[in-house]
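Swiss-Prot annotations:
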type     : residues                : note
ACT_SITE : 319                     : active site, nucleophile
ACT_SITE : 353                     : active site, proton acceptor
BINDING  : 183, 211, 216, 232, 294 : S-adenosyl-L-methionine binding site
């Protein structure tokens, strides 16, 4: 481990250990990231000069207003497949004005399973000639391509990739859609999935999952429970989760298109939802013992926190230590922290991903 990686990780460990000490958690489990080639996503502006074109990012100046263009020829934190493709793709784009004209941005989405989706974003309308050129490029480089312009989306192949993780002695396939959220650090994501499954070990009754996304945690966790009800509001994520459940031949998961707040209303009988009836979901038929939450950066709202306090076990994955800290002030009134983990999902940034298991006092 290099000193620069160790230092940034230690700073996160110190911060988390100090911040959460008042909850007397057990020893912090630390899950490191690879030091290079860990990001499965990368987004670059395309910078055009009189006789050149290159990938670029922007660096803010000290005043926070002005930005400096930084040329990017390689990007060591991105997956090796992205780094390998970058110069090949750029050479092809430069050689064909149909593909390079008014090209504004290039986004890469890679997988450990070897698939690659490249999104080309333009400041012009895309025509049939562009589509033919993009098809030839996709074939030549063995990638999927998507062209975007205002009000336009042209898909060459698919607008998604399929990731594959080995876990719990089996393989899990995940549909990852270009515009939807996915965990960017696949190696650390696998460690998070394993940790969550370990935290669920010995659970009885059924699992409720709020904010399930594309079913990232839902699929492996389903092996630890008799029945699972997962909720998610974003339509594209719900469709991806249902595809993932079907592709992985898992038959004990139901997905409800509800927000956490809406689920609370339905669970407490305050409101009926046609969406539940249409999906043939009877919430009252579940006997929940464990709830799994992976909320957005804003954390969990007060009503949902009250709901969580009624469960025997809470597995909480957090992408924001500050909102986790605030939420734990409420949850530790009824539960104690029995597992505590740090996942270095975003090395070399201040972002910290963490996990806690809470069990009823």
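Just so you know, glycine gets a Cβ as well, placed from its N, Cα and C.
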Other same-chain residues whose Cβ falls within 8 Å of the Cβ centroid of 183, 211, 216, 232, 294, the recorded S-adenosyl-L-methionine site, in sequence order:
181, 212, 213, 214, 215, 217, 237, 317
Given the residue listed as 'active site, nucleophile' and residue 211 (S-adenosyl-L-methionine binding site), what distance in Å do their CA atoms have, once rounded to a whole number?
13
Ranked by how many other Cβ atoms lie within 10 Å of their Cβ, the binding-site residues 183, 216 are led by 216
Far apart in sequence but close in space: which same-chain residues, 6 or more away, have a Cβ under 8 Å from residue 294 (S-adenosyl-L-methionine binding site)?
210, 211, 212, 213, 216, 217, 316, 317, 318, 319
How many other Cβ atoms are found within 10 Å of the Cβ atom of residue 353 (active site, proton acceptor), counting all protein chains shown?
23
What's the CA-CA gap between residue 183 (S-adenosyl-L-methionine binding site) and residue 353 (active site, proton acceptor) in angstrom, rounded?
11
What same-chain residues, at least 6 away in sequence, bring their CB to under 8 Å of the CB of residue 232 (S-adenosyl-L-methionine binding site)?
211, 212, 213, 238, 241, 255, 256, 257, 258
Translate the DSSP assignment of residue 183 (S-adenosyl-L-methionine binding site) into the three-state scheme.
coil
Please report the DSSP secondary structure of residue 211 (S-adenosyl-L-methionine binding site), reduced to three states.
coil
Largest inter-residue Cα distance among 183, 211, 216, 232, 294 [record-listed S-adenosyl-L-methionine binders, Å]:
16
Including all protein chains shown, what's the count of other C-beta atoms within 10 A of the C-beta of the residue listed as 'active site, nucleophile'?
19
